[in-house]
Amino acid sequence: MEPADLGLGDSSLHRYLDGEFWSLKNELRGLLGGCPLFRPRYDLSLDEMRTLTFQRVTFTMGLPLLKRAIQDQVEKTRNFVSRSLVIGEVLSMADMATGVKCGIIYWLFGGAIRSLGGPAHVTQWLQPLQEQKYTGMFAMTERGHGSNVRVIQTEATFDFSAQEFVIDTPCKNAEKMYIGNAMYGNYAAVFAQLIINGRSQGPHCFIVPVRDENGSLYPGVTVVDMMHKEGLHGVDNGILRFDSVRIPRENLLDKFGSVGPDGQYHSPIKDKSARFNAMLAALTPSRLAVTFQAMGSMKLGLTIAIRYSHSRRQFGPKAREEVKIIEHQTQTLRLMPHLATALALTFASRYAGTLLDEDIFRGKELVDSRPLQALVAGLKAYSTWENVSCLQDCRECTGGMGYMMENQISGLKCDTDVFVTFEGDNVVMLQVVVRELLAQYTKQCEERPVSSLLRNWVESGSDRLRTSFLAFNMDTVGHLTFLLKAVHFRERILQRGLVARIYYKVMTEKEDFFSAWNSCLHHITCLSLAHIHRVTLEQFCLAVRNCPDQEDQDLLKQFCLLYGTKLVFQERAWYLEHKYLTPMTSMRIRRQAWWYFVGGCNWNSVRQPQSTWK
């Protein structure tokens, strides 16, 4: 079984799926695919794997193409976020550990400087980073707090007489954990409570020296190697502790808060909670990067599994040649919906990247783009869960060959499993989505109470009418209009129900909001995923409509129909409970639409990955 190479396809479909930056992706595929350094190795010790990964990172970031990308980040040129995202996707398909480690050094550490620092910080730190004069790490997560960053315990106390911050790890729970590049990095972007005169101003980010140019730790810094993990063996994760480590006052990244020589704290955002939200919002692009890496993993796994399924033969009619395993119905049913999902995520994540680029280029603070933050959080959760499910099916659909490390799928499974908690636990990410949906709902009702009441009354009446009898002709089951209406209906009903439940618990039962929210978490996750399903299907439909080549458009439409049918089919029990579908309609979806679209996509499954992702 030959592992999938990075390929240099140049079909119209290849260009359309790669989007605006298809030539950049092709160039990088060629550079990495032809580099002996990126040949897979499975016979290395942990230290040797880390050394090889560091060599790959050094080689990659020395490429003129990558240097330009970092310079674009410094200058905030138009579309620099989208360019960085597609570069990260290709790097991760070449080697996941290299993609992740580059992301840590250049897009987490470097992104923190760009997003949270002032112009002086960008000049001082990003230029030498681009020239590989040092490497960095991103130190936010602590032993005691990962998702709840607001209450991290690392301290940065201002010493007025010395004009310095003193970085301390006051207890075991304050140790920075799972820090990537911990065993190599020279500097760390450390999130700590900024303390002035005994009072905390909340979490801020500081540049803290960890090692000198010879690799020796600075006094007061302790680094513990976390050694073996499930995957990403080339990424060195460690624990950081600080014992009265002193840094200059200027090492505070001060876009949202600064300390003057007089020891006075200044911030353009007076409210501490709003300031904290602004800091985290500025890091939104790095969260979207995880989605692109998960997509890259899905694409690579599917390429390998589908190609193998078209070459491997097993069973067949008596006295005749065995058939290809892709012709077995179960094989097709397991792989084709994942391929449709990978396509849907391609267009939805590209849409999110475009929105990010537009906001940053216009100088808009991301904290003011709460719907975009929610979209990115939801895509991160959805894509990483889908990746885990996809790779498991790819592994099983390739039999024993899929279990072999040389065929990459098992390595991808181990390397990307961390994505479901990396850059935010997925369940927490889904809560971010719903908080924004409820905020929009509340704001709309407050601003236009009469029109909102009328609209809700009309929608509610329409929903009752729609579910009171068989509202759909059977022929519409396989149409995009039917599928779009169905996912809209599910999101709307779930949102209306959640609002009613929380309102009742808080206003009638007098529960505190946290308890009410906590008792509705399952409902919340369902609503969040329903929202992301709707957005991804809408973006897939738009991509089909805008595809310039008719043959490519027909192919993409087939996969779009399969994706939409999958969304309805997997929730058919819910639709039956809410009388949106009758049992007969549900059977029609299963018998006609589901089997038809899966089978139709199967005939095109070779062309799809070979022309785009190989």
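Using the three backbone atoms N, Cα and C, a Cβ is placed for every residue, glycine included.
The structure displayed is predicted, hence computed values, not measured ones.
Copied over from TrEMBL:
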- 138-245: domain 'Acyl-CoA oxidase/dehydrogenase middle' (DOMAIN)
- T141, G180: FAD binding site (BINDING)
- 282-438: domain 'Acyl-CoA oxidase C-alpha1' (DOMAIN)
- E423: active site, proton acceptor (ACT_SITE)
- 498-592: domain 'Acyl-CoA oxidase C-terminal' (DOMAIN)
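Mapped onto this structure are the features recorded in TrEMBL.
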{"residue": "T141", "record": "FAD binding site", "DSSP (3 states)": "coil"}
{"residue": "G180", "record": "FAD binding site", "DSSP (3 states)": "strand"}
{"residue": "E423", "record": "active site, proton acceptor", "DSSP (3 states)": "coil"}
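The number of other CB atoms found within 10 A of the CB of the residue listed as 'active site, proton acceptor', across every protein chain shown, is 23. Of all the binding-site residues listed (T141, G180), G180 sits in the most crowded Cβ setting, with the most other Cβ atoms within 10 Å.
T141 (FAD binding site) sits 10 Å from E423 (active site, proton acceptor), taking the Cα positions as reference. If you take the Cα of the residue listed as 'active site, proton acceptor' and the Cα of G180 (FAD binding site), they are about 12 angstrom apart, rounded to a whole number. Residue counts for the domain 'Acyl-CoA oxidase C-terminal' (498-592) under DSSP (helix as H, G, I; strand as E, B; rest coil) come to 79 helix, 0 strand, 16 coil.
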